[in-house]
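A quick write-up on the structure given underneath.
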Amino acid sequence: MKAIKIAIDGPASSGKSTVAKIIAKNLGYTYLDTGAMYRSATYIALTHGYTDKEVALILEELEKNPISFKKAKDGSQLVFLGDEDVTLVIRQNDVTNNVSWVSALPEIREELVHQQRRIAQAGGIIMDGRDIGTVVLPDAELKIFLVASVEERAERRYKENLEKGIESDFETLKEEIAARDYKDSHRKVSPLKAAEDALIFDTTGVSIDGVVQFIQEKAEKIVDMS
């Protein structure tokens, strides 16, 4: 049976990662959290106080402490920078609020996209992000673009933060998500947009199971036809 490449794109908190992880597990595919890679680069910049004028230093740190993914005992995915487990720290609000400017740096994107394509070569992979279908995997057999209202996405982020013990204000989250939407869709390098051949799916009011079922059925149909 052919193993395909699945690209899931969409704005912040549209449910990409949650859905991608479930589908990867169901299909026995590899899940690559590209957002965690950009968050890791952002964490480096913030930890060292680097600005957008010091891209070479961020890349140097990435080379010294490469990003890797490992499985935890419960099956969840852990993110490492060198030997440091950064799974939780890269989800903190300061990283979330700065990831847009770091991910907009051409040199950072070029390096991480190169890493992502190398991992995806064999197929049997599902990636989620902002530009997977348009830039990273333009040859993906299935491209999905998830959207949802700002209100719904803020609600999801608020619940996620509660579960992780991160304090947050609902109204502030709404403002931050709207601001990030604008930044992501207006940046010069790889702006957030749906690929021409992507299936656009509005997840507002749709359960996670409903979104998973929609994407998985499309994937299985493509595999059956190949």
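Every residue gets a Cβ built from N, Cα and C, even glycine.
The following features are taken from Swiss-Prot:
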| type | residues | note |
| --- | --- | --- |
| BINDING | G10, P11, A12, S13, S14, G15, K16, S17, T18 | ATP binding site |
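Mapped onto this structure are the features recorded in Swiss-Prot.
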| residue | record | Cβ within 10 Å |
| --- | --- | --- |
| G10 | ATP binding site | 25 |
| A12 | ATP binding site | 26 |
| S14 | ATP binding site | 27 |
| K16 | ATP binding site | 26 |
| T18 | ATP binding site | 16 |
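Using the Cβ center of G10, P11, A12, S13, S14, G15, K16, S17, T18 for ATP, the list of other same-chain residues with Cβ within 8 Å runs, in sequence order, D128, L146, A148, R153, R156.
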